[in-house]
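> Structure in structure tokens, see below.
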Amino acid sequence: MSPKKAKKRLEGGSSNVFSMFEQTQIQEFKEAFTIMDQNRDGFIDKNDLRDTFAALGRVNVKNEEIDEMIKEAPGPINFTVFLTMFGEKLKGADPEETILNAFKVFDPEGKGSLKADYVREMLTTQAERFSKEEIDQMFAAFPPDVTGNLDYKNLVHIITHGEEKD
């Protein structure tokens, strides 16, 4: 497919992406896009991603990892493409339920909390491993209680809603 056709197809096929989200969600995506678009040119490129990772404390991101992220897009990543990519990833998924289910695998008794040391071990040794800095940031933002437990239900609520449960 020629670049012109691909661009036309992308523009035509993505116009309904705005109907997939509520206005508040679109605004949140726009804020995220603006934060990631470090050079303010209206597109997210490799340098923007590297700068975003650095701002989040991940300074040793491999070029291959960034290349893979860029390759997920059908072309230059403007806001519409960014929104379309998230729409495809989130289609049909309730983020709160998805994250809760991931934690529930480690909580067969359904208590709603896990030992912080166990969470630390799992996040640094399994699948998409967190760095020590990422773990430290998480526990700084969501400290365990006095008995060393992490209230993952509240953590998930804050991640997905941006505020604590009443």
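Yeah, the Cβs are placed from backbone N, Cα and C, and that goes for glycine too.
Relevant sequence annotations retrieved from Swiss-Prot are reproduced here:
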- ASP37, ASN39, ASP41, ASP48: Ca(2+) binding site (BINDING)
- 24-59: domain 'EF-hand 1' (DOMAIN)
- 94-129: domain 'EF-hand 2' (DOMAIN)
- 130-165: domain 'EF-hand 3' (DOMAIN)
- SER2: N,N,N-trimethylserine (MOD_RES)
- SER14: phosphoserine (MOD_RES)
- SER15: phosphoserine (MOD_RES)
- SER19: phosphoserine (MOD_RES)
- THR52: phosphothreonine (MOD_RES)
> Given the binding-site residues ASP37, ASP41, ASP48, which one has the fewest other C-beta atoms within 10 angstroms of its C-beta?
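With the binding-site residues ASP37, ASP41, ASP48, fewest surrounding Cβ atoms within 10 Å: ASP41.
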> Looking only at the domain 'EF-hand 1' (24-59), report the model's average pLDDT.
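A mean pLDDT of 89 is what the predicted model shows over the domain 'EF-hand 1' (24-59).
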> THR52 (phosphothreonine) has how many other Cβ neighbours within 10 Å of its own Cβ?
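That number is 17.
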> Roughly how many Å lie between the Cα atoms of SER19 (phosphoserine) and ASP37 (Ca(2+) binding site), rounded to a whole value?
23
> Filter the binding-site residues ASP37, ASN39, ASP41 down to those whose C-alpha lies within 10 angstroms of the C-alpha of THR52 (phosphothreonine); answer none if the list is empty.
ASP37
> Below 8 Å Cβ to Cβ and six or more residues apart, same chain only. Which residues does that give for ASN39 (Ca(2+) binding site)?
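Sequence-distant Cβ neighbours: ASP45, ASN47, ASP48.
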> How many other Cβ atoms are found within 10 Å of the Cβ atom of SER19 (phosphoserine), counting all protein chains shown?
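I get 9 for this one.
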> Please list, for the domain 'EF-hand 1' (24-59), how many residues fall into helix, strand and coil according to DSSP.
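Summed over the domain 'EF-hand 1' (24-59), the classes give 23 helix, 1 strand, 12 coil.
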